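Asker: Dropping a structure here in structure tokens format, bear with me for questions.
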Protein chains: 6
Amino acid sequence: MIRSHQRTPAQIRPVNIIRHYTKHADGSVLIECGDTKVICTASISEQVPPFLRGQGQGWLTAEYGMLPGSTNTRMQREAAKGKQSGRTMEIQRLIGRALRAAVDLKKLGERTIQLDCDVIQADGGTRTASITGAFVALHDAIEKLIYQQLIETSPITDHVAAISVGIHQGVAVLDLDYIEDSSCDTDMNVVMTGNLGIIEVQGTAEGNAFNRKELDTMLDLAQQGIQELIAIQRKVLLAK
Amino acid sequence: MIRSHQRTPAQIRPVNIIRHYTKHADGSVLIECGDTKVICTASISEQVPPFLRGQGQGWLTAEYGMLPGSTNTRMQREAAKGKQSGRTMEIQRLIGRALRAAVDLKKLGERTIQLDCDVIQADGGTRTASITGAFVALHDAIEKLIYQQLIETSPITDHVAAISVGIHQGVAVLDLDYIEDSSCDTDMNVVMTGNLGIIEVQGTAEGNAFNRKELDTMLDLAQQGIQELIAIQRKVLLAK
Amino acid sequence: MIRSHQRTPAQIRPVNIIRHYTKHADGSVLIECGDTKVICTASISEQVPPFLRGQGQGWLTAEYGMLPGSTNTRMQREAAKGKQSGRTMEIQRLIGRALRAAVDLKKLGERTIQLDCDVIQADGGTRTASITGAFVALHDAIEKLIYQQLIETSPITDHVAAISVGIHQGVAVLDLDYIEDSSCDTDMNVVMTGNLGIIEVQGTAEGNAFNRKELDTMLDLAQQGIQELIAIQRKVLLAK
Amino acid sequence: MIRSHQRTPAQIRPVNIIRHYTKHADGSVLIECGDTKVICTASISEQVPPFLRGQGQGWLTAEYGMLPGSTNTRMQREAAKGKQSGRTMEIQRLIGRALRAAVDLKKLGERTIQLDCDVIQADGGTRTASITGAFVALHDAIEKLIYQQLIETSPITDHVAAISVGIHQGVAVLDLDYIEDSSCDTDMNVVMTGNLGIIEVQGTAEGNAFNRKELDTMLDLAQQGIQELIAIQRKVLLAK
Amino acid sequence: MIRSHQRTPAQIRPVNIIRHYTKHADGSVLIECGDTKVICTASISEQVPPFLRGQGQGWLTAEYGMLPGSTNTRMQREAAKGKQSGRTMEIQRLIGRALRAAVDLKKLGERTIQLDCDVIQADGGTRTASITGAFVALHDAIEKLIYQQLIETSPITDHVAAISVGIHQGVAVLDLDYIEDSSCDTDMNVVMTGNLGIIEVQGTAEGNAFNRKELDTMLDLAQQGIQELIAIQRKVLLAK
Amino acid sequence: MIRSHQRTPAQIRPVNIIRHYTKHADGSVLIECGDTKVICTASISEQVPPFLRGQGQGWLTAEYGMLPGSTNTRMQREAAKGKQSGRTMEIQRLIGRALRAAVDLKKLGERTIQLDCDVIQADGGTRTASITGAFVALHDAIEKLIYQQLIETSPITDHVAAISVGIHQGVAVLDLDYIEDSSCDTDMNVVMTGNLGIIEVQGTAEGNAFNRKELDTMLDLAQQGIQELIAIQRKVLLAK
């Protein structure tokens, strides 16, 4: 088994995070994980959804999309079809939950942060790249709120990053690309904090069921990969 | 902490499965897990979706819904709103994946089994009850195919059942009802086979992140609960 | 011509009404008319639609649906299709009009009662069974309002029940099942009050036109059937 | 009670039917019943819906709409809202059923006649005017088929016309205009053939329930009105 | 090349404008340009869209539709399809922009004028006929506002009319009918004021690109045609 | 008046075109016109829409979208709203028409080229940048067809590019950015070929009407700008 980017089973793909990628959104990031490229923006609005009005807390939500030309075979445009697929809905709900876990919504105040993750090139792991990149966009939007003196201290409680892991041809592998993802037996997405707390685990047996030992091996790999990703986030955020 | 039905943290709610609940569908089951009640039907059609035509294999898919009056506060009818929610889509995709894992689609032949899980009373765990009940409806539909001599042997490879587990007030608890589900820190749904293979693990930290040890405790509880559920499935299927 | 349940042309099917069928809705009924089974729930909300705000009166409206597996051949799920069929709309408008005729909306106060009629098994006459069952659910919801001292006296002015009648193979028959309904020349749905006032008459010639004498015979049959249904409603409501 | 057009309770409004009103459709009629004006077109297509293919018979269906400016207060455009209202669906289903009752679909051959009834000015009775006018448009489309030698003899079996009747301030009145319709206790639409066979009866108590005697009086009035309408249809169709 | 209505290349089709065509809308016009017939209504409502609230100015917007039977081959009804086509949206946006250019929205006050242009017979140039006719309907609605003393002076700043022009078989022709429109190389729609100011120019090469000289010739023709249309508008508006 | 990028009225913004921007689509380009950035992809499929089947010719069509975070204030995601706006439809129809004018569809063979233009950063002129960039993506997709020997010679007949021009504060200006576009009196988009043939002219008076002389000045500017854009296209396409 030869992996893309000459990787061993336990290696993640090269990661590149570009901050301030576009100029309008409050936070804007291009994240590249190997050949997967996602634009993540964070937009602040000074209101909250109806169910939260007057409760002195904020909200954070996410949407996800893929450019029609981002995939191997062109995907139909969801705006033209008139509805988002179940997969899209599932992913954007996951991104929202993952990032909310990193924010103290009370400290955010009565405002909403809207994250948008749009895949411009897909090669596996678009949902996990979205989460890892959206964290940086979120950070930059929060920094702007602080700079504008709208809030005093950051409501971000910890880093959040995500990675996929799977059993491919009997071997546990970290950070699957599209070819691995399409042919693996088991696929698991893990979201963790900088503190190594687990926020989300979603493991699915595509072919054969997996056992507890395989689950443990995959979680070990995921934890290591997320530590690397968070180190990259930290480094990128130190730069001005 | 007093649990509904005077349960200990490791106990599941009383389960009742009624086969042949309605008369038209090829398989039809009412499953009651405590106060959660779901009608699961399996309908066979002698064709497959376009992407599978001519490949000599079958398909299995699922849809999920809640009656508007099934919940504490009336839910808006999705047919009237004109779209299914992200939650609905996520759940029906999960049910479909879980049951496909129990079927050898090649042995099914070029036909589709459509599972419908409709909640008539909700009290937590509707998606896991749907999976456990749908397995029985699926079994009865397959039995009908064999009886009609459309297939010779059953394409079902193993039992499948599902249960929720969570960390509630610091304690790992099995089979959460609605009140527990709404207030727990972590909520995990687990789908396993009769052989104790894991088909799906979906764990989410609603409040604080959880650690590997908590994950292990929850998986132990889930495994035990699923064994009980499969024992109930077996008993129900023995009866004529 | 042999009718289901060994009935004469003028006999209705066995009727069974179970109150308090599910636990969340303010009124909840399972009605069985022969093999037709409908869950009818009534949900109270303390607001009225915009066009009635501030006018000191209440509102009552209804929605109708069929579980996909409730029919002979599986029906497509309307929530998945993204729209309700013309037939569904027609039926839910009929149910709403019929029940509004039984309620003094001024006495209800500024609140809305939402009726939901969901067919879990269909064998003809689902819309009339819905009306007959929804009346009981409505009654129970109103009783709850009185019990909670939100209103003093019941705004219900009279019983309401409904039945179908038709000309089948030249004979006027009461309470058609699916087979009769599919093959009859004329099909009529009648809604009446306990006082034998007519609320709605909808007669359609599917094949040959019908004449005034046939119309009269059908109305006589319908009146008799509705009297029997209202007697059953009364008996069920006496029970505690 | 003074009625529009100085009518007695038993008089219909002045009726005007203009054939060949527009040039593209196979049949095209403007019908004016008092101030109610409807354009009815009939369009032939040489195919049938999937459920009828290869069965050697034709189909007839109808659609209904109102121009936004046709009503007292502007109605929202259904095309812009993205869905047809329940009222619209109910009406177009009625028009289709009514006209199908006038046609031997076997004799029509494997083709579809699509009727479109679009209200350009509304003053009550738009659905009945649509039926009465659509019959003439249908006739002209059929005549064209005969002229083109696509069919030999007309599949039309009888005239069809429709009228509304109601109880207004205690008096049975024929052919209600908008003001009468909005304030009447009971409103009934009746569709009959030239032979005085009843095709459809739809009576609704908007306020108080009505009794059998009132129903009879209304049916007598309706029958008389429909006879007048059919006389007008005959006269218009004699003209070349 | 023989043109419909025995026209020379520079001649417009016979135009007929009937005011007060229907009775409910505040302005209502039937415009006939040759065989193209459009009903244009103007409806006033005493509110503005959210984005203009409290700004002391009015709004004007337009919608466009075609009756299904208005075209050579029946068009699908957009209300039934559940969405307006791109062509429809493009046209109604054009009509709205064109008429807004004729109105001082500040002088209109905080109210909205909704224009509806519905084609009852199509033979080319429906969007330009809509603009020319909608101007007259707008004028009549404004006159009603003045008559009701809701505004003092007319906010209409100038006449607005529109015409199509094209290059057909190498010749520049004015006011194309459907056959010319379908087969021309270049098609241009021009909207101008009474003062010969250009409000909108939309020229499209369907086949070969066109050059500046051809553009100039077409604009000359359009200007002449619009002058004739505005003369007709003036004459019609003088009549009481 | 100071223009962005220190431009004179007749200067276009700096243009940058990156070919092969993403790896999956058959042609993929990032075009930057000042701060406006659009990803244009071209995807080939080996079939044509139903209306062209069996006619020995190909098809080309376009879709357009904006990332939610691409604009000053976040735009709602059209996929989430469930429909494309009128503006989006208008723009994608324009892009499709413009590029079809550059291709001999007969020489393309029975295949479809789908262009997708997705704005990642908007600063005015997104539709014209889309056309100019899409031409290059189209070129690269065609080149791939030739390389794969699916066609022998290129069906592209000429370059196509587009630019906006307007009257801003009384001065004719070329290539408007967002601020100029929002406040100009007249806005015109022009599409031309390498041969200076006009494919599309769309001029709109947002405020005051414009006259023939202003139109001429704007067309002169546009022609000059398009010549510069086509020179850039040529240069980019020479590079390997």
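Including glycine, each Cβ sits where the backbone N, Cα and C put it.
Here TrEMBL flags E:ARG87, E:GLY125, E:THR126, E:ARG127 as phosphate binding site. Feature annotation from TrEMBL assigns domain 'Exoribonuclease phosphorolytic' to E:11-141, E:160-225.
Explain the structural surroundings of these features, please.
Answerer: E:ARG127 (phosphate binding site) falls within a helix when secondary structure is assigned with DSSP.
The average pLDDT the prediction assigns to the domain 'Exoribonuclease phosphorolytic' (E:11-141) is 97.
Secondary structure of the domain 'Exoribonuclease phosphorolytic' (E:160-225) per DSSP (helix as H, G, I; strand as E, B; remaining residues coil): 20 helix, 30 strand, 16 coil.
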Asker: For the recorded phosphate site formed by E:ARG87, E:GLY125, E:THR126, E:ARG127, name the remaining residues of the chain with Cβ within 8 Å of the site's Cβ center, in chain order.
Answerer: E:TYR64, E:ILE91, E:VAL119, E:ALA122, E:GLY124, E:THR128, E:ALA129, E:SER130
Asker: Taking the residues E:ARG87, E:GLY125, E:THR126, E:ARG127, which the record names as binding phosphate, find the longest CA to CA distance and state it in Å to the nearest whole number.
Answerer: 13
Asker: Write out the long-range same-chain contacts of E:ARG127 (phosphate binding site), meaning residues 6 or more apart in sequence whose Cβ is under 8 Å from its Cβ.
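Answerer: When sequence neighbours closer than 6 are ignored, E:ARG127 (phosphate binding site) has E:TYR64, E:ILE91, E:LEU94, E:ILE95, E:ALA162, E:ASN189 within Cβ distance under 8 Å.
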Asker: Mind checking how the domain 'Exoribonuclease phosphorolytic' (E:11-141) divides into helix, strand and coil residues in DSSP?
Answerer: 45 helix, 41 strand, 45 coil
Asker: Taking the Cβ of E:GLY125 (phosphate binding site) as reference, which residues of that chain separated by at least 6 in sequence fall under 8 Å from it?
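Answerer: Long-range Cβ contacts: E:ARG13, E:CYS33, E:GLY34, E:THR36, E:ILE163, E:SER164, E:ASP175, E:LEU176, E:ASP177, E:ASP181.
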Asker: Which residues, sitting 6 or more apart from E:THR126 (phosphate binding site) on the same chain, put a CB under 8 Å from its CB?
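Answerer: Set apart from E:THR126 (phosphate binding site) by at least 6 residues yet with Cβ under 8 Å, we have E:THR36, E:VAL38, E:MET66, E:ILE91, E:CYS117, E:VAL119.
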Asker: Determine the Cβ neighbour count for E:ARG87 (phosphate binding site): the number of other Cβ atoms within 10 Å of its Cβ.
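Answerer: A count of 14.
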